[in-house]
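Taken from Swiss-Prot, the feature domain 'Guanylate kinase-like' covers 15-194, and the record attributes it to sequence analysis. Feature annotation from Swiss-Prot assigns ATP binding site to SER22, PRO23, SER24, GLY25, ALA26, GLY27, LYS28, THR29; the stated evidence is sequence analysis.
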Amino acid sequence: MTAHDRGFDGVERRGLMFVLSSPSGAGKTTLSRLLIERVEGLSLSVSATTRPMRPGEVDGRDYAFVDEKTFAAMVERNDLLEWAHVFDNHYGTPRAPVDAALSSGRDVLFDIDWQGTQQLREKARDDVVSVFILPPSAADLERRLHTRAQDSDDVIRERMARAAHEVSHWAEYDYIVINRDIDEAFAEVQSILKAERLKRERRTGLTAFVRELQRQLET
């Protein structure tokens, strides 16, 4: 059994699903990368998607790239914890690897939208911790979308229009982080994860630990 299985203080715990959502360009992908790089015991959920692979992406690392027929079969077999249709493509989270991680005390990071978060909450409410990342202003969000130079002006306009709808779901999340500065936002998100890992109900080995402590105190 590893330190992650037992928790960092030696007490066994169940893993959690740590969800980051935001409008495109608000910073959730950058924050997800920083969490994976800097936080021990956290792995990124690899989504299945029907969208084309982008330059530099690796199948199985960034996404599991599948065709529409394969994705439909996964939905039919209930192999996905959540799935959504976004910008003419399907995205979904395979169930089996997440279940295995949580059972062994490891945490799984989800970079998904509000639709996926709703589905996760419906299926596994006690395991889900959700964080919505907001930009400091609409102008700042548009500037970020232009700066990353990934999309045409038409696509950026579409993303800005969609952002208004996505932001309307902010109150469905457990925590809200306003990303004015990426380092400050990361510190806030990391603090949320640290606190949630210590929740009593997730620490499955706590009862046995306290009983043993009581036994020692009473002898």
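Note that Cβ sites are derived from N, Cα and C of the backbone, with glycine treated the same way.
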Which entry in the list of binding-site residues, SER22, SER24, THR29, has its Cβ near the fewest other Cβ atoms, using 10 Å as the limit?
-> THR29
Other C-beta atoms within 10 angstroms of the C-beta of GLY25 (ATP binding site) total 23
Tell me, how many other CB atoms lie within 10 A of the CB of PRO23 (ATP binding site), whichever protein chain they belong to?
-> 24
